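Feature annotations, courtesy of TrEMBL:
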{"type": "TRANSMEM", "residues": "A:12-30", "note": "transmembrane segment"}
{"type": "TRANSMEM", "residues": "A:71-96", "note": "transmembrane segment"}
{"type": "DOMAIN", "residues": "A:71-283", "note": "domain 'ABC transmembrane type-1'"}
{"type": "TRANSMEM", "residues": "A:108-128", "note": "transmembrane segment"}
{"type": "TRANSMEM", "residues": "A:156-180", "note": "transmembrane segment"}
{"type": "TRANSMEM", "residues": "A:201-227", "note": "transmembrane segment"}
{"type": "TRANSMEM", "residues": "A:267-287", "note": "transmembrane segment"}
Amino acid sequence: MEKRVTFRGWMLPLLLIAPQVFISAVFFFYPAGQAVWQSLFIPDPFGLSTQFVGMGNFEYLFGDRHYRASFYTTALFSILVTLASMIPALFLAVLADRLIKGSGVYRTLLIWPYAVAPAVAGVLWLFMFNTRVGVVSWYLGQLGYDWNHVLNGSEAMGLVVVASAWGRISYNFLFFFAALQAVPRSVIEAAAIDGARFWRRFFTIVLPLLSPTTFFLLVVNVVYSFFETFGVIHTITSGGPQQATTILVYKVYSDGFVGQDLGSSSAQSVVLLLVVGLLTVLQFKFIEKRVHY
Amino acid sequence: MATVTLKDLRKSFGPDEVIHGIDMEIADGEFIVIVGPSGCGKSTLLRMVAGLETVTGGEVLIGGERANDKEPMDRDIAMVFQNYALYPHMTVAQNMGYGLKIAGLSKPEIATKVEAAAELLQLDGLLDRRPKQLSGGQRQRVAMGRAIVREPSVFLFDEPLSNLDAKLRVQMRLEIKELQSKLGVTALYVTHDQVEAMTMADRMIVMNAGVAEQIGTPMEVYETPQSLFAAQFIGSPAMNVLDARIEGGRVMLGDVAVAETGKRAGPVKLGLRPEHVAPDAEGPLAMEVLLAEPLGANTLLHGRLAGTEIAFTASLQGVHLASHGGEAMRFGVDPVDCHLFDPETGHRL
């Protein structure tokens with residue numbers, strides 16, 4: 001028995017997928033195609049004419065020290081954001097899972113930060129850490145630490161990582177919490193009877209059972225840190241100081257719209273497209289194999 | 001090997017008490033079945049012994065030691081769950097060896113014990129499989145294996161056979177009983193199936209609404225049920241319970257004297273097992289047969305007592321073909337098979 005619905009003609013199925021195809025075409029395929037096309041040209045300084053250069057933009061990019069540095073910055077940034085958003089989320093979810101009373105309130109409060117738009121979150125953190133009027137930097141000053149993310153590249157990185165991860169913790173928390181609730185209670189009890197205490201159970205039973213969720217969140221968070229953190233970086237550091245927080249997607253913006261070098265910017269977005277595509281394929285290929293059950 | 005003692009054991013969830021004080025002494029190596037309908041508190045009772053539920057009142061003693069405040073892992077018990085609760089990400093061997101690994105045994109020691117258990121349970125070729133690659137019966141065996149490798153003092157079973165099909169259930173029932181007597185381990189076994197209770201138990205606890213209605217060997221419970229509930233719950237088909245009264249040393253059902261008795265006069269509940277009535281043309285029980293269920297070895301006759309709406313079931317040896325509707329039969333009954341209960345308390349008279 002064929003369980004799937006089968007259509008006799010091909011007009012109706014085409015009609016049914018048309019809205020999705022249309023949206024993908026307008027918002028993804030067309031701009032992506034434009035980017036690929038533009039990456040093969042350089043415009044003149046006034047934007048009046050363009051000249052075909054073939055792979056010239058790409059050759060120039062990979063010879064550029066700043067562009068290579070941006071790769072390193074992006075890798076560091078995305079690893080830090082992913083860890084900083086997933087580990088606390090898991091920890092909070094484990095605590096919430098153990099709550100008997102008041103877990104509803106706790107859960108609701110933990111979900112709120114997700115409702116804050118990244119750019120707004122960026123501004124919030126910026127105010128707290130502002131070198132002149134920030135509450136946190138004032139307290140740090142009292143403790144004898146001179147916080148200045150405007151001048152110090154590592155501090156700037158730390159700040160954008162925290163600001164990017166903050167709202168993300170809520171999102172990850174939700175998924176981890178749901179996954180924890182789905183772990184059969186009797187399996188945990190069996191492990192308890194087998195002699196495993198809480199943390200032992202957590203690492204040998206619960207964590208492996210969460211691995212499908214963890215893997216999903218890993219992919220989603222890496223993609224998030226590559227693209228959606230633009231707002232946070234733009235509001236807090238604008239990529240500075242000295243490009244210390246210029247991740248690839250920010251460089252696409254600053255070279256293209258601030259520097260007006262559309263050719264190079266397009267070439268960068270093509271590279272970015274390939275990198276994210278490759279990362280996702282790699283994750284699915286190698287990590288998913290080790291994801292149990 | 002250990003004894004288990006329950007002393008006035010109580011459990012409340014919030015303000016609701018669900019177990020109302022259970023006392024029992026379980027001897028070393030004894031197989032105890034806790035039987036009752038769903039919601040009677042039998043699983044809760046078992047989970048209190050396991051340490052998975054806190055004890056509200058009374059005491060649990062395992063091997064003579066108070067275990068109320070001990071963690072499950074410190075009680076020297078093993079438990080087999082209804083859904084088996086196997087670790088889905090581990091192989092059969094890892095599942096069975098998990099407890100040993102935590103106990104800090106060396107790899108060769110674990111392998112030896114796991115292999116021995118696997119051989120005992122006929123799981124030899126399956127050690128590298130994951131639980132989802134196994135059939136229901138095999139999963140059940142793995143769960144058993146996980147329990148026996150640790151050589152605990154007490155086995156706890158929480159309806160372990162209820163997810164198996166009928167035929168496999170009969171087979172596993174025998175295997176569990178055999179294994180338990182071979183290992184000589186004390187066992188507590190929870191079930192809602194009175195056949196499992198009858199066939200497996202050394203002694204059984206018949207539970208109803210958080211109260212132990214009767215504790216005794218299967219035959220004691222069958223032959224001398226101490227309460228109406230125990231009488232109706234144990235035995236299949238269920239015992240007939242009729243409103244009767246005692247007058248002048250005789251049990252009267254309507255105007256008919258069914259048996260002689262020495263009990264005090266007044267209204268009583270009369271319990272008669274379907275298999276304890278015999279066709280007798282002169283017998284006191286007149287029945288109108290409405291339906292016959294031939295089971296091969298015996299036949300169940302369902303109907304009502306003549307001239308009333310009182311339902312009555314009789315079980316006769318051999319095949320009895322009923323004519324359609326309304327056949328009249330008479331039955332006789334041996335006085336020793338008449339169970340009399342107080343209509344108010346339900347206790348045996």
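Cβ coordinates are placed from backbone N, Cα and C, and glycine is handled just like the others.
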- Item | Contact ranking winner - A:71-96, A:108-128, A:156-180, A:267-287 against the transmembrane segment (A:201-227), Cβ under 8 Å | A:71-96
- Of the listed stretches (A:108-128, A:156-180, A:267-287), which one yields the highest count of Cβ-Cβ distances below 8 Å with the transmembrane segment (A:71-96)? A:156-180
- Task: Report, as numbers and ranges, which residues of the same chain sit near the transmembrane segment (A:156-180): CB under 8 Å and 6 or more residues beyond its ends.
- Result: 73, 76-77, 80-81, 84-86, 88-90, 92-94, 96-97, 107, 110-114, 116, 118, 121-122, 124-126, 129, 149-150, 206, 209-210, 212-213, 216-217, 221, 224-225, 229, 232-233, 236-237, 240-241, 244-245
